[in-house]
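If you check TrEMBL, you get these features:
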type	residues	note
DOMAIN	48-129	domain 'Manganese/iron superoxide dismutase N-terminal'
BINDING	His73, His121, Asp206, His210	Mn(2+) binding site
DOMAIN	136-239	domain 'Manganese/iron superoxide dismutase C-terminal'
Amino acid sequence: MFAFWPTHRRVAFQAWPQSLARRRAPPGEESTSRQLAPALGYLGSRQKHSLPDLPYDYGALEPHINAQIMQLHHSKHHAAYVNNLNVTEEKYQEALAKGDVTAQIALQPALKFNGGGHINHSIFWTNLSPNGGGEPKGELLEAIKRDFGSFDKFKEKLTAASVGVQGSGWGWLGFNKERGHLQIAACPNQDPLQGTTGLIPLLGIDVWEHAYYLQYKNVRPDYLKAIWNVINWENVTERYMACKK
C-alpha cells in the first residue's frame, strides 16, 4: 500500500533507485503500489504527494529530448498529476469518513489516472540519463538475451509496442515475478504497469504526445529512435536486481 513520506523529495512509493539515495524511499518499504484505492482506506492523516526533483537539468538530455519538452513535461504535466492526486485523495478520505460508497466508486477513475501518472513519471525520470544509451551489462543483458533472443530484438519489440500504442500511453519492460522472466507490455493512458498487469516496472517509455511533440511533431518513431540514446541502464539494472531479491 501507499506510504507517505514527510520530506519534499520523497514520493508515495519507491520510484527512485538506490543510486539516487537522496530521493529514495526508506529501505524495507514496499515498491510501487499494486492497488491505488484500497490502500487509501488505511489512511488517517497523511502527508501529501510532492513533485520529485529531476536528477539532471532540463537541458541535460539534449539533443535527444530538448529542454523545453523536459521543463513542460516535468513542471507542468507531472505536477498536474501530483496536484490532482492530492485533491482526489482528499475527496476520497471525505467519502470514506461519510461512508459514501457511491462517491468512492466515482473517484476511482481519477485516482487511477492521476496516481498512475505520478507513478509512471517518477519512474520515467530515473530511467533517463545524459550519460545513458548503449547496452546494459551483466545479469540484465543476459536476461534480455534469454527472454528476447538478443538486445537488438528486445529494442525492436519494445519500440514496436510503444509505436503501436493507440492514442496516449506507455511502453514497458517489466519483470514477471511469478515466471522469473522479463516481459514487454503496453498500457493505455496513465495506467500503472504493476497495478494493472502485475508486472514490476523496470523501463517505461512515455508515448503521450506531450513527451515529444514539440521536437518530433507527430513522428513518434523518430522520438523512440532518439530515446534509446538516453536510457539509464544502470537504473534499469538496479530495478531488475531488486526484483530478484
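The backbone N, Cα and C atoms fix where each Cβ goes, and this holds for glycine too.
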Nonlocal residues around His121 (Mn(2+) binding site), in sequence order (Cβ under 8 Å, 6 or more apart): His73, His74, His77, His78, Tyr81, Asp206
Count the Cβ atoms, other than its own, that fall within 10 Å of the Cβ of His73 (Mn(2+) binding site), considering every protein chain shown. 23
Binding-site residues: Asp206, His210 - member with fewest neighbouring CB atoms within 10 Å: His210
Grouping DSSP H, G, I as helix and E, B as strand, the residues of the domain 'Manganese/iron superoxide dismutase C-terminal' (136-239) number 54 helix, 24 strand, 26 coil
Averaged over the whole of the domain 'Manganese/iron superoxide dismutase C-terminal' (136-239), what is the pLDDT? 98
Taking 8 Å from the centroid of the Cβ atoms of His73, His121, Asp206, His210 as the cut-off, which other residues in that chain fall inside it around the Mn(2+) site? His74, His77, His78, Phe124, Trp208, Ala211
From the DSSP assignment alone, can you count helix, strand and coil residues within the domain 'Manganese/iron superoxide dismutase N-terminal' (48-129)? 58 helix, 1 strand, 23 coil
